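K.L.:
Encoded as structure tokens, here's the structure I'll be asking about.
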Amino acid sequence: MTKEVKQLFGTDGVRGKANYEPMTVELSVLLGKAVAGVLQESKSGKHRVVVGKDTRLSGYMFENALVAGLTSMGIETLVLGPIPTPGVAFITRAYRADAGIMISASHNPYWDNGIKIFSSEGFKISDVIERRIEQMVALKEFGNFPDDCAVGKNKRVVDAMGRYIEFAKATFPRGRTLKGLKIVLDCAHGAAYKVAPSVFEELDAEVICYGCEPTGSNINDNCGALFPSVIQKAVIEHKADVGIALDGDGDRVIMVDEKGHIVDGDMILSICANDLKKKDLLRGNRVIATVMTNFGVLKYLESVGIEALISPVGDRHVLQNMLEYEVNLGGEQSGHMIFLDYNTTGDGIVSALQVLRIMIESESTLSDLTSLIVKSPQALINVAVKEKIPLDTLPLVQEALRDVRSSLGDSGRVLLRYSGTENICRVMVEGLKKHQVDSLAKTIADIVDSELGVGMVE
């Protein structure tokens, strides 16, 4: 009888509540063995794997479990400690490692954790490799186990943070500094809590830190990129030039201008795309945006001669489209920005540095840079759900969607989808008037909640 192969990977690796299926120590050991097995299938000889993590308390046990699985198969592991996800991608390349693993649940609460796997080139692994790993885990067939003298060694990389700090600074023009800029920085008590302040301070900015005291259980807790109100207030209070909010693993960024207004990923994409186009550095004068990208932002990009190619939501999908269409800039409203000229995955620190560079070079405030971008009124409501039942099988939900689309006509749109990483249904409505989109979004959200939900979430 053929054993069922259980799907472990979601849209961004394996993720779930720590110590519950699928995020258990036992599974992590098996995942370590499976990664080793895949590497040994691809080429013979010794292999090295980089392992990083964010600041969640459960990261310690998952780190040990993964290392145990990897080294039991003869893999040498290089443990980095707390470091942003883009730091793992960078160091995997810098050390010529065969793979990189990041232990993080990104923007999720502390009780969740996850495992993301990178190739030797620093890209997230393909669907094909994910399926092979799942197959090995299901069958518990990982290849040949080494004898006692051929198991792998585990080494701690003591200068991992320093290496990533220098890498991030190198994306800022040599000879320029951030002198004179006052920055409010929120690191979400996450993986960037040490490296991000160092990057901006070493470039001579005045940095006021929030969310830089991790306890293991306060990551993303009313702070960071999901809660920009923290830096909105702080920017005004400290009369700062700009606010920067990162998420728990440092791969996304939301900014705030000197007036306290939020500058999301859509606007960061627009600012950076226009700058690169002016310098003839935007490949094909195209960017990758997503189905969530604000219509007003798309109109702005078109007005400055930039074509936006639309991708499904998720930095993985954005990257796939960037590679397919040979585009060097892509991003999401949520703050995942990929600058392929610098890194192979979303990088919050590097993204913020590019915006700061543009501010300095153009002698502009952040509000100046966004002044020509007029966003369409948009409402986004997140509904926590018990399970992800296919939305097209829910008659009341489909009826509500038809009614809302009829109300909007050609002047707006509605998007209803499940999160790829959480039990959340996202309701997005866009139109001409703010009060209308708010009301229509709430109508749909209430019906989704009555059918599937456990309540609204922020």
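Using the three backbone atoms N, Cα and C, a Cβ is placed for every residue, glycine included.
Pasting the feature list from Swiss-Prot:
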- SER106: active site, phosphoserine intermediate (ACT_SITE)
- SER106, ASP247, ASP249, ASP251: Mg(2+) binding site (BINDING)
- SER106: phosphoserine (MOD_RES)
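Are these features on the surface or tucked inside, and what touches them?
P.N.:
Non-local contacts of SER106 (active site, phosphoserine intermediate) by the CB criterion (under 8 A, 6+ apart in sequence, same chain) comprise ASP12, THR85, GLY114, ASP247, GLY248, ASP249, ASP251, ARG252, THR421.
In the three-state DSSP scheme, SER106 (active site, phosphoserine intermediate) is classed as coil.
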K.L.:
Around ASP249 (Mg(2+) binding site), how many other CB atoms lie within 10 A of its CB?
P.N.:
35
K.L.:
Specify the count of other C-beta atoms within 10 Å of the C-beta of ASP247 (Mg(2+) binding site).
P.N.:
34
K.L.:
May I have the list of same-chain residues other than SER106, ASP247, ASP249, ASP251 whose Cβ is within 8 Å of the Cβ centroid of the recorded Mg(2+) site, in sequence order?
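P.N.:
Neighbours within 8 Å of the Cβ centroid, excluding SER106, ASP247, ASP249, ASP251: ASP54, PRO84, THR85, SER104, HIS107, GLY190, ALA191, ALA225, LEU246, GLY248, GLY250, ARG252, GLY346, GLY348.
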